[in-house]
Amino acid sequence: MNGFAVIPSVTTTTTSGEPIASDVARKQNLLELDREGLERFFEDVLGEKRYRAHQVMKWIHHRYVADFEQMTDVGKALRTRLQACAEVRVPRVVFDKHSADGTHKWLLAMGTDRKNAIETVYIPDKGRGTLCVSSQIGCGLNCTFCSTATQGFNRNLTTAEIIGQVWVAARHLGNVPHQRRRLTNVVMMGMGEPLMNFDNVVRAMSVMRDDLGYGLSNKRVTLSTSGLVPMIDRLSTESDVSLAVSLHAPNDKLREQLVPLNKKYPIVELMASCERYLSVNRKRDSVTFEYTLMKGVNDKQEHAHELAKLMRQFDCAMQVKGAAKVNLIPFNPFPGTCYERSTEVDIRAFQKILLDAQILAMVRRTRGDDIDAACGQLKGQVVDRTRRQAEFRRTIEDRVGRDVAA
């Protein structure tokens, strides 16, 4: 998995439809490679010592230089060879938006055809700056309360497209790893299910945590999953980042409505996989369980008591108080949704039940909702391959039709 990637052949066409060979398509995008992959590329393809790869990696991820000619401590002969067989191709910024609260959102074009685009969000806070990164164009899991799900699914992002989001944001922010940090945390909580794009996500997270990359500690990189049990087990053996689970319901009946994946991996199996994750990764002492609160759906007191019991069971299984942390997320509405945000009174009452049960529970402050950058609102631009967009539009039209008739 860590070897240098072989870029698939890509061709363009003339106006008459005849294929034209693309020199760019044959070049290795160095953003695809982690440290080991870059070392192998320099040794096997360029015939260079591995330490030369370290020089170039720092130019790319510390100084945000994409032009080999600007890498002044790299010899001219090597720069010439790099120009011939490699490139640093970063995502193109379609537009960026600033929120009144300081949140920043980028729409980034993906792929050579530029038809698809994903969203990346930077959330500044006191003493920290968190980047929310996407892993797929769209999402195939169809969670009913998530805006991304209404867009359908196109494809997985490449490693370069994932780490390219970090590159674009870090460059914009003037981030200097190990010195002037504006980017202190990365959360794989953007568009898509990260564990359905396992290899590319793990490789990108390796660059995020590498001292030659962005130098983030393992605990400052968080992967959020809807609950692919076998892949959580695999992740435990290949990475030790922080784990978050999109739970959103305390029982299987309700969770199957909100997160259809629960039909395949019910809560008991999901919780067991989280226990195994912490058992393997001794440096991690907790799992964060995300719970989006929706009015009249999952925000009742009985739901809070059920959730508290589930979290206590997890703490007992791990024999660690606070092994389960709950992140309560007020629902962020989007066009066409049938859900509403819980009232502030109900949110605080829900949290109090958890706190009274000695469960660590915090309410996530809504950020960036004025630019549709809040949790659950990311949408991007997806050429749907699942026909879900059409189904969602029909649902909205049917609902509008009923309202008009009434």
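The count begins at 1 with the first shown residue.
Backbone N, Cα and C atoms are what each Cβ position is placed from, and that goes for glycine too.
Given the structure is predicted, the values throughout are model-derived calculations rather than measurements.
Swiss-Prot annotations:
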- GLU119: active site, proton acceptor (ACT_SITE)
- 125-370: domain 'Radical SAM core' (DOMAIN)
- CYS132-CYS375: disulfide bond (DISULFID)
- CYS139, CYS143, CYS146: [4Fe-4S] cluster binding site (BINDING)
- GLY192, GLU193, SER224, SER246, LEU247, HIS248, ASN332: S-adenosyl-L-methionine binding site (BINDING)
- CYS375: active site, S-methylcysteine intermediate (ACT_SITE)
- Query: Which value in Å gives the longest Cα to Cα span across the S-adenosyl-L-methionine site residues GLY192, GLU193, SER224, SER246, LEU247, HIS248, ASN332 as recorded?
  - Reply: 19
- Query: Just checking, which of CYS143, LEU247 (binding-site residues) has the fewest C-beta atoms within 10 Å of its C-beta?
  - Reply: CYS143
- Around the Cβ of GLY192 (S-adenosyl-L-methionine binding site), other Cβ atoms found within 10 Å total 29
- HIS248 (S-adenosyl-L-methionine binding site) has how many other Cβ neighbours within 10 Å of its own Cβ? 26
- How many neighbouring Cβ atoms, not counting its own, are there within 10 Å of the Cβ of ASN332 (S-adenosyl-L-methionine binding site)? 23
- Message: Here's one to test understanding: among the recorded positions GLU119, CYS132, CYS139, CYS143, CYS146, whose C-alpha is closest in space to the C-alpha of SER224 (S-adenosyl-L-methionine binding site)?
- Response: CYS132
- Query: For CYS139 ([4Fe-4S] cluster binding site), what is the tally of other C-beta atoms lying within 10 angstroms of its C-beta?
  - Reply: 28
- Rounded to an integer, what is the Cα-Cα distance in Å between ASN332 (S-adenosyl-L-methionine binding site) and CYS132 (disulfide bond)? 16
- Local confidence of the prediction over the domain 'Radical SAM core' (125-370), expressed as mean pLDDT: 94
- Could you give the Cα-Cα distance between GLU119 (active site, proton acceptor) and CYS146 ([4Fe-4S] cluster binding site), in whole Å? 14
- Task: Please name which of the binding-site residues listed here, GLY192, SER246, HIS248, is nearest in space to CYS132 (disulfide bond), Cα against Cα.
- Result: GLY192
- Between CYS139 ([4Fe-4S] cluster binding site) and HIS248 (S-adenosyl-L-methionine binding site): CA-CA distance (Å): 17
- Message: Please report the distance from the Cα of CYS143 ([4Fe-4S] cluster binding site) to the Cα of LEU247 (S-adenosyl-L-methionine binding site), rounded to the nearest angstrom.
- Response: 11
